[in-house]
């Protein structure tokens, strides 16, 4: 009996994907360019149907036709290298699937090259981390629909399940699947930073004990803020350091990095004139955090505001922070889904925004309760430009904007940095401003650079002689 699927790349994610497939009844062939990872996986299987191969040709020949090969290798040149090695061994109609974090434009290049050879190619976004890979991730496949249909029975089996539905849906042509995963990661960056800023207010402004803050996040996770990231934040805050007994959060260095997909999201938005400001600010917050030595030195040089300490009603302010966080998250998701919509329109992808929201509900890092509402909005208004103007969200933001404004103002007056909460507020106010100050920018550009401008009272382009 031939193997039904092959997995190449047996790091943590690849191994767990292979184990996931095996647990769902697939006959899985596995291959890694180094033998040790293959041997480690075999030791874990406990009799599951994972069969190791140590020669690529043997691996390929073991697969039933049309062959389906799932790549879980490092994005970039390693993917090209593996594909180059596979192509001479494959036949027309075989399918290669890239489940790594490849840039969607690389996926489109590979798709074009392989299609010319008669080989199907799917760029598959996978979210959920190592646990999701093993127990069921959110899966975002892009490529030709007929090629997807060949792999769909396996992909839908290994995906997370929510209310009986798999968190896997055909996204669109060519690089659409990896594009959706890329922006997902940008939303994830923003979501994480917004939560960090809410935590900062509770701890530094309200001076709440860390265990009490954990309880607050637990409470929030029972309501409209219910999400994976809120849930794990409560767990993180309760964790004690085994060496010191202190809260682990207090001994973790405040310096973080990024793996590239967040940056790609911002660059793609910039290239296409899409205002993904909250997502981009969350990236810049990470860059600023990496300047640890500079920040430590600046702390002793740069003055903050002189403020009079005044008592704050904790219950009132805790609820304001909740409102601020909810509104910030809605604005961040609105930016991400607007980026989906605008890019889909530019490329003719027809991204299924309703379904994208649904498959984000399980397995993935940004799974959240309000994704149900986002899906309902796009079900009613599939061509909606921005979630902010959907009646259900607009009414909630009308109610919650006061909380966000008060939290941002209190933070600013206290010298606390709230890059994403303040940017969310600016985005909200900017988006609801029918007549902006961009007319002055146009006049300035015309003054010094002879750039033309349009008028409000007649059609055409104009230039003024300012001198």
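Note that Cβ sites are derived from N, Cα and C of the backbone, with glycine treated the same way.
Under the heading active site, proton acceptor, Swiss-Prot lists 181. Around residue 181 (active site, proton acceptor), the same-chain residues six or more apart in sequence whose CB sits under 8 Å from its CB are 101, 125, 126, 127, 140, 261, listed in sequence order.
Taking a C-beta cut-off of under 8 Å and a sequence gap of six or more, residue 188 (active site, proton donor) has these contacts in its own chain: 229, 262, 365, 366. Annotation comment: Swiss-Prot describes 188 as active site, proton donor.
Look at Swiss-Prot and you will find 9, 10, 11, 12, 13, 14, 32, 33, 34, 73, 74, 75, 101 tagged as NADP(+) binding site. Note: residue 13 (NADP(+) binding site) has non-local neighbours 72, 99, 100, 126, 130, 133, i.e. same-chain residues 6+ apart with C-beta under 8 A of its own C-beta.
Residues or ranges marked as substrate binding site by Swiss-Prot on the basis of similarity to another entry: 101, 127, 128, 129, 184, 185, 189, 259, 286, 451. In the three-state DSSP reading, residue 189 (substrate binding site) counts as helix. Counting only same-chain residues at least 6 apart in sequence, those with a Cβ under 8 Å from the Cβ of residue 189 (substrate binding site) are 258, 262, 265, 279, 282, 283, 286.
For the pair residue 34 (NADP(+) binding site) and residue 128 (substrate binding site), the C-alpha distance works out to 25 angstrom. In the three-state DSSP assignment, the secondary structure recorded for residue 11 (NADP(+) binding site) is coil. Of the listed binding-site residues, namely 9, 11, 128, the sparsest CB environment within 10 A is found at 11. According to DSSP, residue 128 (substrate binding site) sits in a coil region rather than a helix or strand. Residue 74 (NADP(+) binding site) falls outside any helix or strand according to DSSP and counts as coil. Neighbour counts were taken as the number of other C-beta atoms within 10 angstroms of each residue's C-beta; across the binding-site residues 32, 34, 74, 101, the minimum falls on 34.
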